[in-house]
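Asker: One structure, as structure tokens, below. Some questions next.
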């Protein structure tokens, strides 16, 4: 059913005039998530009680999801630590819809990662699908063409009954929406852990490309300019959706009752909306633009007005509806998908509407910019909102939540994995390799990723088997980008500061192994309840670790997202800071793949230092269900050096393949690279080395590289000159169909592939 415009109201409307004369009328502020003191502050701001519509507007905009009221005091540290040198290539940063970075030759890239965790548990398909749609619109709002997506997924234990429901819906939602948009999914992670059983994480990243002169920002400027709402009609779906779902914890009784709060997406509407926006930008028809996501029009109007140089008047009855009888508060706070709001000069309105008609996109003038400082919203001539917009969008409550190192932290850190029995014989080491490879933690993700289109649009250079996704940006010069996202809740649980830096280091390294230069960071910080001092300690430590790490690497945080209340009852998830890193390649033809066997008889070399580090490792998890001790040491100066060597080696043709070492250590990296290249190899461990430590340690800052035989001497000299440890550990044998660890064990590629690829189909097929 479509309804437009709305008919005159048949029920009494709570107007500003009425609110001023009924100061004692009870209002359900608590049911809307507002605290007593927050409600009193709204009354002080307005000098009266809020109308029902104003109350709804403040409640969604002052929610944890929209206002960052518990995290803002800590997030400021990102800005405080970012130097002018780090900002040099940043065209838009924290506070905008997405960060934008100069990548050279007049090109810019915008990228951001956001969460849609809570909706994806309540209704996995639509929760995940609209998570993709929302982050894509953030990228569109910067003036860019979206070119790729990635995802970071966390589910409960792989064999838990509800994991099948959630995983199936989430994967179908991501694939269904992204594939329909024609956007390649170029990477990500899927992790299983019991702590995510009631709180899955669905963090979606989108990357967009634009010419620097096409950059657009969200602001309403110029009195008399028109406000145009365009895209899908507005309905009841998503009322109080992500803004409310993401601002509370779940319990077993109410999670399924929250279904109506999950938005419903239409990827085909979004696809034409993308093309419509790009034509509007190309025609110079847009002054400012804002996508409609969490909190809907309440967010878009207040943010546009507060970022501009005037006020705004909106006629809410002009909003095209698809549901009859909606109240002003429902229209204002609906989170219906595939909608955008633009500021357009009067002389360009007709041209703007004509472009929208061409693309069959519904567009309606709903208001104008004023020369005042108020946001006024009317409903059939009656004023239902009259507020200072900054108090809604930017001046909400800010809390310095109590934080405290958990009493259990010392015991957790003292419980080292060193006490666990270790494999020693060749047979035991072989069994360990197969146990890790055949676990849900390290097995092939092909069952999931094959549901995504990785190469649509034809610009994907690396995706399958790659540490970082690589995209071509400029067909003429070959300029391109590499992106990666990483996280480790287990390491962050052991040490939040170091855990965040380890996630940053791995994402940075995953970009570096493609041959790209890392240039910028985005993040999505997933934690439990901010009302728990232990959670806030984890959060504060992780923020400082990430910010300090970025300073050490010389790359800025361009934006991000915080997701709190990821817990069921008192049980929080593992603290999970997701870090995305963007890198630049001058020529994508020189990118480094993961697969071995590109050159006959390649030499395998291990870069970096291997230490006895197993606390928080997958080995400890799989063999003993153990989590304790201290995470691996992180050396960001060494990470930076490693990236410089890989970039130079890629440029000079000294390396033919590279693969990051992370979970599962060297053994897992060798297996993945051999399977990717469908070639055998022989590994020769150093004589004085402990085979178990060499094969399975998860020490950071290490990369497996394949070096053409003719370039081994030059590459070794390059590493020696720069002080980077480089050890020859074997050769690629294209005539072999086995991975051999000399003197210890041999495993056929067929057995490795079967072990790895059979796990997820058996669990979820």
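Cβ coordinates come from backbone N, Cα and C, glycine included.
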Asker: Kindly point out which candidate in 137, 544 is recorded by Swiss-Prot as part of the substrate site with 115, 116, 117, 118, 263, 335, 336, 337, 563.
Answerer: 137
Asker: Pick out which of the binding-site residues 114, 138, 291, 335 has the most other Cβ atoms within 10 Å of its own Cβ.
Answerer: 335
Asker: Would you count the other C-beta atoms found within 10 angstroms of the C-beta of residue 561 (Mg(2+) 1 binding site) for me?
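Answerer: So the number of other Cβ atoms within 10 Å of residue 561 (Mg(2+) 1 binding site) is 22.
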Asker: Looking at the recorded positions 68, 112, 114, 116, 291, 561, which ones sit with their CA no more than 10 Å from the CA of residue 137 (substrate binding site)?
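Answerer: 291, listed in sequence order.
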Asker: Given the recorded positions 65, 138, 291, 523, 561, state which is nearest to residue 115 (substrate binding site) when distance is taken between Cα atoms.
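Answerer: If we rank 65, 138, 291, 523, 561 by Cα distance to residue 115 (substrate binding site), first place goes to 561.
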Asker: Identify all same-chain residues not among 68, 112, 523, 560 whose C-beta atom falls within 8 angstroms of the centroid of the ATP site's C-beta atoms; report them in sequence order.
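Answerer: So the additional residues around the site are 75, 94, 113, 114, 522, 524, 525, 557, 559, 561, 562.
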Asker: Using DSSP, would you call residue 65 (active site) helix, strand or coil?
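Answerer: For residue 65 (active site) - judged by DSSP and reduced to three states - the answer is helix.
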Asker: Could you give the Cα-Cα distance between residue 337 (substrate binding site) and residue 291 (Mg(2+) 2 binding site), in whole Å?
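Answerer: So the alpha carbons of residue 337 (substrate binding site) and residue 291 (Mg(2+) 2 binding site) sit roughly 9 Å from each other.
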Asker: Does residue 523 (ATP binding site) have same-chain partners at least 6 apart in sequence with Cβ under 8 Å from its own Cβ, and which are they?
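Answerer: Same-chain residues close to residue 523 (ATP binding site) (Cβ under 8 Å, separated by 6 or more) are 113, 546, 557, 560, 561, 577, 578, 579, 580.
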